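According to Swiss-Prot, the feature substrate binding site maps to 77, 78, 79, 115, 116. As annotated by Swiss-Prot, active site applies to 130, with the evidence given as sequence analysis.
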């Protein structure tokens with residue numbers, strides 16, 4: 001069977017950390033996204049800054065940034081990385097209704113930052129849920145996915161259909 005191989009499985013079929021020591025350092029950037037769907041009145045509460053636990057958007061943004069920096073502690077085979085930039089943008093979306101989350105992670109290094117961007121989005125979404133659950137336990141977290149990545153041996157990737 002040919003095709004892409006799983007990089008974290010060794011010849012004996014065991015999980016192992018990839019050796020990136022021989023890779024060339026390049027600028028790596030990854031963007032991920034997700035959303036938290038909620039009742040319109042919950043979104044209004046967050047917009048007005050009246051959530052019981054405080055500023056939901058600011059707290060979720062910080063949680064996402066902190067999570068990206070802790071990715072290797074959370075996901076067993078991820079390398080600890082010296083991230084040079086992490087940003088988390090959270091925007092209300094009345095059509096959802098809810099909040100859309102986008103994270104970007106960047107570094108100059110030997111391995112990609114896709115997991116860091118995905119972790120940032122995931123934890124930002126979880127933080128939104130935690131901070132607003134008193135008002136709306138029916139919230140739904142979804143759409144967590146890689147949007148794009150650049151740098152490295154495998155080249156650039158952009159999710160089809162996205163115009164970013």
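Yeah, the Cβs are placed from backbone N, Cα and C, and that goes for glycine too.
Annotated features taken from Swiss-Prot, shown on the structure.
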residue: 77; record: substrate binding site; DSSP (3 states): coil
residue: 115; record: substrate binding site; DSSP (3 states): helix
residue: 130; record: active site; DSSP (3 states): helix
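It is 130, among the recorded positions 116, 130, whose Cβ has the fewest other Cβ atoms within 10 Å in the structure shown.
Minimal Cβ crowding within 10 Å, among the binding-site residues 77, 78, 115, is found at 77.
Within 10 Å of the Cβ of residue 79 (substrate binding site) there are 16 other Cβ atoms, across all protein chains.
Summary of the substrate site environment: with the site residues 77, 78, 79, 115, 116 set aside, the chain residues having Cβ atoms within 8 Å of the Cβ mean position are 71, 72, 75, 81, 111. Comparing residue 79 (substrate binding site) with residue 130 (active site), their Cα atoms are 28 Å apart once rounded. Reported as a whole number, the C-alpha separation between residue 78 (substrate binding site) and the residue listed as 'active site' equals 26 Å.
Cα of the residue listed as 'active site' to Cα of residue 115 (substrate binding site): a distance of 22 Å.
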